[in-house]
């Protein structure tokens, strides 16, 4: 993951500083682009660090005297009682508080304590990849003017084949490969962001969504606060902003509780 972020950052810096093709960026536009790139990469790396440092598991969290309530279950692998919305991960070999899914790209489960940096990571990864794709547009336009549309389409769809058959230069291959990677990555991260944005507003985990459960849907505003903290509107722009979560990952207010209190 770190190598991927570094590669995207280097490509972004190369495009901004050297300018891969016409029209060239002016000094003011280039300075603004560099500032935007620095902001995006800082958020990207910051959220990666927060995600990896946060432990979403039950280790060191469970209290012997906390008592058991509705929704608690016994995990035979962990040999422990686990709270509602928890789930055992075979890859992490431990139960995860408010488990959403195991992220194979980052090598860790997404749960109660690292859901916020995961969401922000999706947002800024999509932004960085789209940024690079847009900046590569002039170079692709220049390539279209040199080659036929069929040749350019083959280069974008089959860059390795075009390189191995000697039909393109190494620089043209690199341009096509990076463009393909950024566009595909932006689509993947963007789709993940839209999906988890829906889950966020509905107060669901992926596991609950797959089973049609909406027991913890408190309404969009309260769902945002539950997952992102009181400063939910600002945490998207700065990974180190303090916004403590209102819950503990063990007990959760349900929609039925809210209706009962309101009545």
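Every residue, even glycine, has its Cβ placed from backbone N, Cα and C.
Unlike curated entries, TrEMBL annotations are predicted automatically.
Per TrEMBL, the features are as follows:
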type     : residues : note
DOMAIN   : 73-211   : domain 'Palmitoyltransferase DHHC'
TRANSMEM : 31-52    : transmembrane segment
TRANSMEM : 118-144  : transmembrane segment
TRANSMEM : 150-170  : transmembrane segment
TRANSMEM : 182-201  : transmembrane segment
One stretch in 31-52, 118-144, 150-170 has more Cβ pairs under 8 Å to the transmembrane segment (182-201) than the rest, namely 118-144
For the domain 'Palmitoyltransferase DHHC' (73-211), the averaged pLDDT of the predicted model is 89
The correct DSSP tally for the domain 'Palmitoyltransferase DHHC' (73-211) reads 84 helix, 18 strand, 37 coil
